[in-house]
Amino acid sequence: MKNRNPLIRKLLTQYFVTTGILLAFLVMIPLVIRFIAGTRTWYGTEPIYYILRFFADRWLFCVAIGALLIWFGTTIYYMTKAIGYLNETIQATTQLIEEPSKRITLSSHLIDVQEEMNQLREKSLQDQRAAKEAEQRKNDLIVYLAHDLRTPLTSVIGYLTLLKEEPQLSNAMRNRYTEIALQKAQRLELLISEFFEITRFNLTTIVLQTETTDLSLMLEQLTFEFLPLLEEKNLNWQLNLQKNVLATVDTEKIARVFDNLIRNAINYSYPDSPLLLELVESDSIHIRLTNRGKTIPEEMIGRLFEPFYRMDSSRATATSGTGLGLPIAKEILLASGGDISAESKDETIIFNVRLPKPANN
């Protein structure tokens with residue numbers, strides 16, 4: 001730990017200072033004895049005379065023995081103190097492993113170590129919670145994916161079984177059942193494709209084939225392509241796109257980002273409402289997509305882009321979405337040096353996209 005060295009230095013300083021003071025006191029004793037001995041005339045009948053005479057004749061030996069005892073005593077004392085600190089730290093480490101939920105408390109001399117160990121404990125608890133949440137989201141995704149795979153697959157099997165077992169069906173009904181089975185199979189293909197794509201983005205580094213792209217033109221083309229879908233829900237575009245906004249991006253992947261965002265906005269918009277798309281270039285390139293829909297709770301906003309998080313636990317498939325479009329969009333934007341965020345209030349949903357300006361700008 002980074003706080004061990006100051007504690008060791010402190011103990012060593014105390015050890016040497018204490019030893020030095022005691023040795024200085026020891027050296028002064030012979031001087032005091034000599035001073036006392038010289039203050040008067042002593043007689044052999046006085047008991048203290050023999051003591052003074054003993055120290056006067058053997059003062060060097062006495063000082064050496066005293067110095068040895070001082071060194072031995074202070075060394076034992078501070079070694080015991082250091083071992084006590086070590087044992088206290090070992091016990092705290094054991095507690096950190098066996099009882100991570102319990103706060104660590106050490107003696108006042110180890111307050112810095114205590115704070116650092118408690119910080120490690122908190123981080124470990126946070127990591128454990130995050131790992132459990134991630135594992136739970138993965139388990140939920142498997143359940144949801146199995147449900148979403150089974151639903152269209154069941155429909156495909158059902159309609160194909162009808163076609164096989166009902167030879168008397170009219171051509172019109174056969175065509176209708178075939179068309180429905182094809183639509184369900186296409187949804188199944190889309191779901192599997194997006195699931196593998198988000199998994200690939202999470203496990204590998206996204207490789208970008210960058211080029212200079214006119215975002216203004218790209219967004220205009222995308223909005224035109226979505227007109228049939230907008231007409232189905234009586235939605236309409238409100239565009240505020242700055243002209244000639246260039247960006248160095250992977251054109252195909254960035255188009256995928258805006259395709260996902262627009263589909264999401266269409267799926268979750270109220271009928272007969274506008275979709276506002278804005279493009280502005282300032283210090284960075286900013287794209288904002290606004291639609292009218294059910295307000296997203298604040299606690300769910302930050303988790304919209306998590307691959308294994310679902311806001312709607314019921315997993316209604318009325319929108320025909322896979323639920324993986326937003327995580328894919330964020331992965332692409334982060335790899336492109338940009339970012340994405342969302343906000344929602346008063347039945348309005350806003351997605352904000354930021355991209356870096358080209359280096360030559």
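Note that Cβ sites are derived from N, Cα and C of the backbone, with glycine treated the same way.
In Swiss-Prot this protein carries:
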- 16-36: transmembrane segment (TRANSMEM)
- 59-79: transmembrane segment (TRANSMEM)
- 144-359: domain 'Histidine kinase' (DOMAIN)
- His147: phosphohistidine (MOD_RES)
- Glu252: Mg(2+) binding site (BINDING)
Remote residues contacting the transmembrane segment (59-79) - C-beta distance under 8 A, at least 6 residues beyond either end: 11, 14-15, 18-19, 22-23, 26-27, 29-30, 33
Mean of the pLDDT scores, which run from 0 to 100, over the domain 'Histidine kinase' (144-359): 84
Number of Cβ atoms other than its own within 10 Å, given for Glu252 (Mg(2+) binding site): 12
Where the residue listed as 'Mg(2+) binding site' sits in the secondary structure, as DSSP reduces it to three classes: helix
